[in-house]
Amino acid sequence: MPPSANSASLTRKLAQIWPYALPIIALSFAVAMHGFAAANPHSALREELAIIICAVVLLVPSVLAALHHADSAARRLGEPYGTLLLTLSVTTIEVSIIVSMMLNGTGNPTLAREAVFSAVMLVCSGGVGFCLMLGALRHGEQEHNMQGTSAYLAVLLVLSVLTLILPNFTLSTESGTYSTGQLVFISTLSVLLYIAFLYIQTVRHRGHFLDAGVQPQIHHIAEQPSTAPLWASVLFLLAGLAAVVLLAEQVADGTERGLSAIGVLRPDAIVGALIATLVLMPEFLTSLKAARINHLQHSINAMLGSALASMALTIPAVVAVCLFTRRELILGLDNRDSTLLVLALTLCIVSFGTGRTNVLTGIVHLVIFFAYLMLLVIP
């Protein structure tokens, strides 16, 4: 057998093995590093830096491995159940990181707010912008199902205002906060509204969330379907997500301490954006892949679904933890961030209002995204 054939055979074998080996390796490393950190709470700066670098190196491949198994499970479950599986998995990651940092770190009362706000901004400006621009550059105008997209935006708009803006205008507590009764009421409404949305998406009007009249263009270079059974895909997906949770917590916690040490004005905002970026990476990659093959509704399901789940499930989970541990929770955004949030959501309503998108639509979203990044670094 010629050397080129041997090389190709080895490459194929590695491509089949790495999605299964990497989650186990990354999870083992993350557990070991957490044990080391617990046993050495005052370790040297050099050791902490080495741990963070190793965590970053393993983090991105772990996300890709989780994405591989999520795609495999999604193909077997079909839409929208496959996307829903990934969305709920990603939300579990976000909740785990935030709660762990709040309980074990400095107990930052604004961390949950910043993470959820960053998730909505990254999705509605950056994620949507890149997907629309990439899809339009490749296919011209693209179509989506207006009924499904409008359902996403309606629920996301209501939850965003109730959770991140209304706390600034209540009278029973300080500005930016809810009373205990208000927290319980808003959290209950959020969960019930999300359950109603899931019923509409998966049972009542499932067809509203499928691509309307567009056949995805599958290329010969596309990834071959996995032959692994569904239970194996789900098992290794959970292992990969657990590894991402622990690794991302290491990176975010180290970043927060570093930013505070050098005197950054808004370290909580940057850490929140970092958490949102890390946990949404599988959704971003799924959405970009779907937009590239002219499957825009699938892309929208992944993007807006992740933001919606983050808003509807992360905040109630954090509220429950804060009430149980008697920790303060600040939800209301300042005027600058409130303006950006309303602008991003309004633009989504306008952009998806015609049922067709083009390059300009994506570019306008990216303008807001870069403005958000600028204010994140230079507040």
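Backbone N, Cα and C define each Cβ position, glycine as well.
Taken from TrEMBL, the feature domain 'Sodium/calcium exchanger membrane region' covers 49-202 (among others).
The annotation domain 'Sodium/calcium exchanger membrane region' is assigned in TrEMBL to 233-376 (among others).
Look at TrEMBL and you will find 20-37 (among others) tagged as transmembrane segment. Residues of the same chain lying 6 or more positions beyond the ends of the transmembrane segment (20-37) and with a Cβ under 8 Å from any Cβ of it are 43, 51, 54-55, 58-59, 61-62, 65-66, 236, 239-240, 242-244, 246-247, 250.
Beyond the ends of the transmembrane segment (49-69), by six or more residues, the same chain brings 18-19, 22-23, 25-26, 29-30, 33, 36-37, 86, 89, 223, 226, 233-234, 236-237, 240-241, 243-244, 247-248, 250-251, 254-255, 278, 281-282, 285-286 to within a C-beta distance below 8 angstroms of the stretch. Per TrEMBL, transmembrane segment is recorded for 49-69 (among others).
TrEMBL lists 81-103 (among others) with the feature transmembrane segment.
Beyond its flanks by at least six residues, the transmembrane segment (115-137) meets 94, 97-98, 156, 160, 163-164, 269, 272-273, 275-277, 279-280, 283-284, 287-288, 290-292, 294, 296, 299-300, 303-304, 306-307, 310-311, 314-315, 333, 337, 340-341, 344-345, 347-348, 351, 357-359, 361-366, 368-369, 372 of its own chain at Cβ-Cβ distances under 8 Å. The transmembrane segment annotation in TrEMBL covers 115-137 (among others).
Remote same-chain partners of the transmembrane segment (149-171), defined as residues 6 or more beyond its termini with a Cβ less than 8 Å from a stretch Cβ, comprise 113, 116-117, 120, 124, 177-179, 182, 186, 189-190, 193-194, 197, 200-201, 205, 208-209, 297, 300-301, 304-305, 307-308, 311-312, 315, 330-333, 337-338, 341-342, 345, 348-349, 352. Per TrEMBL, transmembrane segment is recorded for 149-171 (among others).
Positions annotated as transmembrane segment by TrEMBL: 183-200 (among others).
As annotated by TrEMBL, transmembrane segment applies to 230-248 (among others). Sequence-distant contacts of the transmembrane segment (230-248) (same chain, six or more residues past either end, CB-CB distance under 8 Å): 19-20, 22-24, 26-27, 29-31, 33-34, 55-56, 58-59, 62-63, 65-66, 69-70, 72-73, 76-77, 85, 89-90, 92-93, 96-97, 275, 278-279.
Among the features that TrEMBL reports, transmembrane segment is placed at 269-288 (among others). Using a Cβ-Cβ cut-off under 8 Å and counting only residues 6 or more beyond its ends in the same chain, the transmembrane segment (269-288) has close neighbours at 59-60, 63-64, 66-67, 70-71, 83, 86-87, 89-90, 93-94, 97-98, 110-111, 113-119, 122-123, 127, 130-131, 134, 244, 248, 251-252, 255-256, 259, 298-300, 302-303, 305-306, 310, 376-377, 379.
The transmembrane segment annotation in TrEMBL covers 300-325 (among others). Here the transmembrane segment (300-325) has Cβ contacts under 8 Å with residues 79-80, 83-84, 86-88, 90-91, 94-95, 98-99, 102-103, 112, 115-116, 119-120, 123-124, 127-128, 131, 144, 148-149, 152-153, 155-156, 159-160, 163, 180, 183-184, 186-188, 190-191, 193-194, 197, 209, 276, 280, 283-284, 286-287, 290, 331, 348, 352 of the same chain, all six or more residues outside its ends.
Taken from TrEMBL, the feature transmembrane segment covers 337-353 (among others). Residues 117, 120-121, 124-125, 128, 132, 144, 146, 149-150, 153, 156-157, 160, 164-165, 168, 300, 304, 361, 364-365, 368, 371-372, 375 of the same chain lie 6+ residues outside the transmembrane segment (337-353) yet bring a C-beta within less than 8 angstroms of a C-beta in it.
Taken from TrEMBL, the feature transmembrane segment covers 359-378 (among others).
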